[in-house]
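Undergrad: Straight out of TrEMBL:
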- Gly97, Ala98, Phe130, Asp215, Glu216, Val217, Gln218, Thr273: pyridoxal 5'-phosphate binding site (BINDING)
- Arg133, Thr272: N(2)-acetyl-L-ornithine binding site (BINDING)
- Lys244: N6-(pyridoxal phosphate)lysine (MOD_RES)
Amino acid sequence: MSGSPIYETFARVPLAFERGEGAFLFTTDGERYLDFAAGIAVNALGHSHPHLVAALTEQAGKLWHVSNLYEIPAQTRLAERLVEASFADKVFFTNSGAEALECAIKTARRYHYVSGHPERFRTITFEGAFHGRTLATIAAGGQEKYLEGYGPKVEGFDQVPFGDLEAVEKAITPETAAILIEPVQGEGGIRAVPAATLKKLRELADKHGLLLIFDEVQCGVGRTGKLFAHEWAGIAPDLMAIAKGIGGGFPMGACLATDEAARGMTAGVHGTTFGGNPLAMAVGNAVLDVVLAEGFLEDVQRKALLLKQGLAAVADEFPTVIADIRGSGLMLGLKCVVPNKDLNNALRDQHMLAVTAGDNVIRLLPPLTVTDGEIHDALARLRAAAGSLAGTAAVAAQ
Ligand SMILES: *Cc1c(COP(=O)(O)O)cnc(C)c1O
């Protein structure tokens with residue numbers, strides 16, 4: 001054996017955290033980091049949120065796991081609440097985002113199958129998309145770097161350029177089953193799909209009898225200041241995958257569907273061992289207690305504006321480092337002039353955590369519970385980080 005006993009698939013930063021509190025993480029050496037990465041939008045309520053800790057520990061003393069062969073009341077309750085708060089009528093719980101997408105893709109294929117059209121199995125996706133790392137979801141994402149070396153790409157995915165409605169229309173064939181899109185691309189570089197484009201996709205789906213699938217694994221559950229990002233566009237999908245934020249750090253995901261879209265999903269056609277497990281459901285319900293509380297999402301919108309305006313001021317101050325601010329709610333991107341990795345490292349030198357994304361962007365995904373004070377703290381650290389790079393960037397430009 002050489003090096004770490006862990007697969008070398010992640011280029012890890014040599015930092016280990018042992019404790020978290022709200023928007024802060026503490027290393028094993030006792031150093032404190034301001035966490036504007038939040039586990040890539042997973043720790044939606046920050047670290048060690050008292051309501052989540054109580055829900056998980058209380059459930060842990062009662063029952064950890066029962067098979068989906070039995071009724072799981074907390075699962076029914078969480079599904080009822082998600083249905084109540086969304087377009088959906090039915091929910092399937094999973095352990096991860098990729099599995100939620102797999103369920104959505106399978107549901108769309110089954111819908112056409114039971115409607116007498118087994119030939120309709122193809123899904124249209126968009127360049128820059130990220131839908132997970134299973135064999136089907138890397139095919140859906142269509143990124144060469146994730147597909148390489150894994151044999152023939154899973155059949156049934158047709159990719160078109162980001163936001164190109166004409167290309168979507170051209171890509172629709174008698175075999176098309178669905179259109180799959182992230183309302184705000186995460187890994188692709190915090191690229192929000194314009195509301196008009198989402199509306200047009202809804203129209204195209206209706207016109208051609210396709211199912212519209214939204215991947216809200218990263219942008220859902222309050223991240224943009226609405227419970228779901230597509231609410232800003234005033235339209236709804238037929239199917240939606242969520243994950244990251246709904247577990248607040250506990251691994252879970254869900255596929256939400258209308259009754260019509262889910263009509264092919266009958267007993268025995270899909271399953272999961274761990275999905276919808278009582279521990280996950282206790283936490284998922286606790287996350288919703290907080291996110292759906294009166295005024296919570298309005299406050300996310302208010303704080304998002306504060307952060308975005310502050311970021312715009314820093315970008316103005318350091319135009320050789322940051323070109324532009326983009327994104328929605330507390331899902332913001334800094335389009336960098338310098339390599340995004342350099343800015344990410346400079347932020348880490350300031351003891352602040354962010355995440356890189358495609359298109360030379362730095363993602364800022366603070367906990368939705370972030371305070372105004374922590375936002376000002378983050379802006380000061382960003383200013384220091386940008387300042388440390390501005391000198392070298394100016395010299396390089398000469
Ligand atoms: C993270 C992510 C996924 C994959 O989720 P996993 O839990 O890693 O499988 C899918 N879609 C989007 C938009 C994501 O951000």
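Keep in mind that glycine also has a Cβ here, set from the backbone N, Cα and C atoms.
How buried are the listed features, and what sits near them?
TA: Remark: Phe130 (pyridoxal 5'-phosphate binding site) has Gly141, Gln143, Glu182, Gln185, Gly186, Glu187, Gly188 as non-local neighbours, by Cβ distance under 8 Å and separation of at least 6 in sequence.
Secondary structure at Thr272 (N(2)-acetyl-L-ornithine binding site), as computed by DSSP, is coil. The Cβ of Thr272 (N(2)-acetyl-L-ornithine binding site) lies under 8 Å from the Cβ of Asn68, Phe92, Phe93, Thr94, Asn95, Glu99, each of these being in the same chain and 6 or more residues away along the sequence.
Classification of Lys244 (N6-(pyridoxal phosphate)lysine) by DSSP places it within a helix. Its own atom aside, the Cβ of Lys244 (N6-(pyridoxal phosphate)lysine) has 28 Cβ atoms within 10 angstroms in the protein chains shown.
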Undergrad: Out of the binding-site residues I have (Ala98, Glu216, Val217, Gln218, Thr272, Thr273), which ones have their Cβ sitting under 6 Å from ligand 1?
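TA: Those binding-site residues that pass the cut-off, since their Cβ is under 6 Å from ligand 1, are Ala98, Val217, Gln218.
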Undergrad: Among the binding-site residues listed here (Ala98, Val217), identify the one with the smallest other-Cβ count within 10 Å.
TA: Ala98
Undergrad: Any idea what DSSP makes of Gly97 (pyridoxal 5'-phosphate binding site), helix, strand or coil?
TA: helix
Undergrad: Measuring Cα to Cα, how many Å separate Gln218 (pyridoxal 5'-phosphate binding site) from Arg133 (N(2)-acetyl-L-ornithine binding site)?
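TA: Approximately 15 Å lies between the Cα of Gln218 (pyridoxal 5'-phosphate binding site) and that of Arg133 (N(2)-acetyl-L-ornithine binding site).
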Undergrad: DSSP on Phe130 (pyridoxal 5'-phosphate binding site), three-state: which is it?
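TA: SS state of Phe130 (pyridoxal 5'-phosphate binding site) = coil.
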Undergrad: Taking every protein chain in this structure into account, which of the binding-site residues Gln218, Thr273 has the most other Cβ atoms within 10 Å of its Cβ?
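TA: Top count of Cβ atoms within 10 Å goes to Gln218.
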